[in-house]
Each structure stands twice: as structure tokens, then as C-alpha cells.
């Protein structure tokens, strides 16, 4: 023994060798048990049966791992209700919409896939492909426009059946659909809006191009300057690991107020894996009898399924088409700007968001006609930091 009662160097090395040998033996035993468990019980030899009996702890651990893998696989699978069952559920949803006193809609990437904008957790979603080691291909969004679901939500709000929309999307499609600025909270920002945080109130610049080309996690300056004070403009995107502090377009105050008043919540195309982390959007501190009734439209499992009054397994556009039919409401048609002439509600929305001060050079609010979009780089940037959510 070395002075002071410690082990000598040779003794420490010997102990380390013993430890590594035990670990390797344990790994080999684990591999053997795993191979045996993959066999049908009738195909196992007597010796293999004895090994399983002697390795009860390993068997329990491996069976638990297998159940967790199968559970995760089932959660990632897309499930579709058959047409008749879906229609029955939509009739129930229509009744809830009619009877709701304060209906709030939560939307996720699933409502924009019909506009060729990729989602995140679907079978071909950005994160799903990255987890499989596959590349995320660039998507041409030059023809992107509000989907049928976007237009239905705008009409439901117009008819005072929906009081507020809380969206995780940053694609700006809710605004283009005609939904008023006051009726939406874009919790993760809007890739077509940049702001000057030095001006009070914050001066907003609504663009017809993606403003996030030069921005990233914790680096939000866009490279353009405020025409009034000269301060660097910043994007409004909330990346994973960040806490959104901008008043607009995040509009957390309105989202929280809407959630506190809601008696009904309709979730469309959201995995709810992010929204579930925002307890103030669910008001679960209320007594059960006073909590809002939850309706979920999603092809995949969500962590709120067990809380839902009704889960509809269907595509958002299909469900909303059926819902509008049940409610007897016409779905408005989205028209693009043609030849520089304003014929879309998007331009009307731009006027609503117009710079609170006098417009000047560099402010495109209400001045520049809508044009095809470039690929929104923010999708790739959010995917690159997806690990934290």
C-alpha cells in the first residue's frame, strides 16, 4: 500500500483492469440474452433457457427497453379514422364550436404542410429525417399560400366562432389568410417581420421576403437598419433554447388572456410537445369542472391525448372542410396579388400592421406588392437546434 493508505499505481491499474473486464462480461451477457429473447420460446435451447433464468434482471431490463421502443414507434405512426368515424367526430366537434363561449385555436406545422412547408415530427418531417441521418432537402415555397385550414380559421373568427389563434408557426400564413393582427399570437415569431427595439414602441418592418437569411440562435440582427434611428433591425424568431421577449408578433399577453377565458380549445396540426411546456396556455390549475374542453386534430399521438374530450385522426384540411360543411359556412378563397394590384386580404393585413410612426424609406409596410417567397432559412436553423425540444 502507498503512504497514507491509498492504492499504489500498479494496484489502481489492476483494479481498473478488473472493472473493465467485468463491464465487458456484462455487455457480452447482455448481448447473449438479447439474442435469445429475439428467438421464439419454442426455438430456445435448454442452455439458453437456463441463461435467461439466471439473468432475470437483464431480461426485465431488455423487455422494458423493447416496450419503450415499441411505444415510441406507435406514437410516431400516423393513424387515420375511417371516413364514417371521422364524419361522426366532426359532427361532435361542430356542436362544440357552436356552443363554445370562448374558443381558442392552437395551430402547429401540420396546418401548413398542404402549402409545401415541411412539418417537424411527421414521417417526413425535418426532425424525423435528421434523426434518421437523412438530409433535409430544400423546399421551393414560391407557390406557398394559406391553406384551406388557414382560410377556415379566418372565416370562423370573422363569424365570431373563434376568439383567438395561438400559433407555433413562423410562416406568416395566418396573417395572409385575413386573420386580424389582434386575433393571433405567433409564439415563435414571424419570418417576414423585423423590428427596431430601440424605437418606443418597437418599429415593425413587414417584408415580402424572409428576413432570417443572416440570423441564427442568439444572433438576431438582420443586417438592415431602422430608417428612423439607424439601429440594427432584428428578426422576431424564437429559436429553441431562447425565451421570446418581444411584444409583437409573439403577443403572449393576448395568448395568456385568451387561454384564461377559454372554455374550448381546438388544437390543429400540433404535436403539442412544445405547447405542453407552457402551463399558462392550458390553465390546468383551475378545478377540473372549469378547465377548457380540449379537441385535437392530428394524425399522430400527442402528450395531451388523454386530456382531450375528442381526438380526431385526420388531416387538418379534411377535418376543416367537413367542419365548415357541418356549420354551413363557405370557405373563403385566397387570391394572390396580380400585376402589383392589391386583391388579397394580405395587403389589408399589412395596412393593419403598418409602422406606428410615419412610414419612410426602407419600410415596406403596405408599399410593396406580394411576390413569390424564397426558401425560409429559419426552418433549417430551427431544425439544427432541435435537440432542446
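Using the three backbone atoms N, Cα and C, a Cβ is placed for every residue, glycine included.
TrEMBL lists region 'Disordered' for one of the ranges 1-24, 25-48, namely 1-24. The Cβ neighbour count for residue 226 (Zn(2+) binding site), using a 10 Å radius over every protein chain in view, is 21. When each of the binding-site residues 196, 199, 229 is scored by how many other Cβ atoms sit within 10 Å of its Cβ, 229 comes out lowest. Secondary structure by DSSP for the compositional bias 'Basic and acidic residues' (9-24): 16 helix, 0 strand, 0 coil. Distance noted between the C-alpha atoms of residue 199 (Zn(2+) binding site) and residue 188 (active site, proton acceptor) is 22 Å. Nearest in space to residue 188 (active site, proton acceptor), taking C-alpha to C-alpha distance over the binding-site residues 196, 226, 229, is 196.
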